[in-house]
């Protein structure tokens, strides 16, 4: 689950009413499609042409609070350049003093997730067609140094002709390697073993694993790794053993096993998949066009000029990046994007101009078991640019670094905040966990392992989602020692372990102070408990122990 910022009022100077609806630029905003970290996604309609778009609204205050201004400014320009038939396009960015509106491609077919839930598994031919489209989009972004890291059927949309469109490319670029699990609010069913175990990973290989899970879902209508008990689910993923129905083609089984290799070094690459016999069958040429742009020594003058105009830089800067083969530099990425866009538009012209849909989904099979529950949300993209969003930071202050985002696992409630925290304290006491009250809505909890005598630690924090709903967020704090040493927190000596009455009393005092309801119920934690901490490495899996604590607590609270 995610921490949701309050929906703030936007400046009236840039926003107008149109027949009772909000108008941004030439777009009239309609219903809300989803809610994400920085704001909402709404459907929009161009007042002149009538074309529908999806408008993602990024809240400026939320962006500043997460210290990602620089990342968003540098990435938006390149995401605007992304032009691939199977990736959701970003058309325009409109700014107001309080919000940023990203005008994106709207598709009417809904999520692939919903389609599978409604219709069940697809036949092999249709599964291959959609998987080829998805992998083409993944390959396109990997070649331009962007990794998705949260691929799943919820992030694959379907257009009116039942073609796949990948959404939310670019989100992961605002996060450091190895940190994405703590920021992801999606289901862990699609996560690679190295992600859920907290090991470092380069990036592309986790997209391969997730693509393999999607392929399995297309073919079988279920997931290869699934369990209601999260620790058991994690064990299944890390073991990499999954059931293969008898109706599956042996050729596709071999591909699935190669893509779902636990060892990332043995896992299939995109090149391996493209060379697989099952994948190559009926493969449209436009999905993987020849790519001479990287090996060519010739410079495209038109592309060079366009990069200079968009980034307000000199030709020498761009040429320096190209000649030094610094492909990760935003200037080089933009140059190659422009080259690729031109080539793909030429080679896929028939695709863009097609007026008749491909063969419809004709499979009559249905889901044999329900899909894992998910939280409905849309994640805000974070593309690269140099000048598009300078107004985000008029003082152009330098940030000290990206604040570490948190992964949210929790439960929702419509009870009063003090009642929620009182029940939490009772549950903790019943489980014989130890806890400390950091503030009325933030607890730090630990459990002693009777076998190893080591402690598993977690934090519980309450947030307000909307006017009636609250989110109790669970977070592992096994990294507290590292944070303290790195200076991200100021350790102070802990007092005695807090009891239930202190939690309830503090909560009542906080309510009496009249805290504003539109923000989270507590401020950021700035100190850590330094009472006897375990500096020595602990055996076993911290992640599994954390989820066991979560499961035990949720079980008590649900009684």
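Glycine too: its Cβ is placed from the backbone N, Cα and C atoms.
Annotation comment: Swiss-Prot describes 150 as active site, proton acceptor, evidence class sequence analysis. When Cβ atoms from all protein chains are considered, those within 10 Å of residue 150 (active site, proton acceptor) total 25, not counting its own.
Residues or ranges marked as ATP binding site in Swiss-Prot: 33, 34, 35, 36, 37, 38, 39, 40, 41, 56. Around the Cβ of residue 35 (ATP binding site), the number of neighbouring Cβ atoms within 10 Å comes to 20.
Summarising the annotation, Swiss-Prot assigns compositional bias 'Low complexity' to 516-535.
Feature annotation from Swiss-Prot assigns domain 'Protein kinase' to 27-279.
Positions annotated as phosphothreonine by Swiss-Prot: 32 (among others). In the three-state DSSP assignment, the secondary structure recorded for residue 32 (phosphothreonine) is strand.
The phosphothreonine annotation in Swiss-Prot covers 269 (among others). Spatially close to residue 269 (phosphothreonine) yet at least six residues away along the chain are 204, 208, judged by Cβ distances under 8 angstroms.
Taken from Swiss-Prot, the feature phosphoserine covers 356 (among others).
The phosphoserine feature in Swiss-Prot is assigned to 360 (among others); the stated evidence is a curator's inference.
Look at Swiss-Prot and you will find 368 (among others) tagged as phosphothreonine, backed by a curator's inference.
The phosphoserine annotation in Swiss-Prot covers 397 (among others) and rests on experimental evidence.
What Swiss-Prot lists as phosphoserine is 486 (among others), and the listing cites a large-scale study or a structure entry.
What Swiss-Prot lists as phosphothreonine is 488 (among others).
As annotated by Swiss-Prot, phosphothreonine applies to 490 (among others), with the evidence given as a large-scale study or a structure entry.
What Swiss-Prot lists as phosphoserine is 496 (among others), and the listing cites experimental evidence.
Residues or ranges marked as phosphoserine in Swiss-Prot: 508 (among others).
Feature annotation from Swiss-Prot assigns phosphoserine to 524 (among others).
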Rounded to the nearest angstrom, how far is the Cα of residue 32 (phosphothreonine) from the Cα of residue 41 (ATP binding site)? 6
For a quick check of understanding: among the binding-site residues 33, 41, which residue's Cβ has the most other Cβ atoms within 10 Å? 41
Those recorded positions listed as 32, 39, and which of them has the most Cβ atoms within 10 Å of its own Cβ: 39
The average per-residue pLDDT within the region 'AIS' (302-381) comes out at 59
Nearest of the recorded positions (32, 33, 35, 39) to residue 150 (active site, proton acceptor) - Cα to Cα: 35
Hey, does DSSP put residue 41 (ATP binding site) in a helix, a strand, or just coil? strand
Whole-number Å distance between the CA of residue 39 (ATP binding site) and the CA of residue 32 (phosphothreonine)? 11
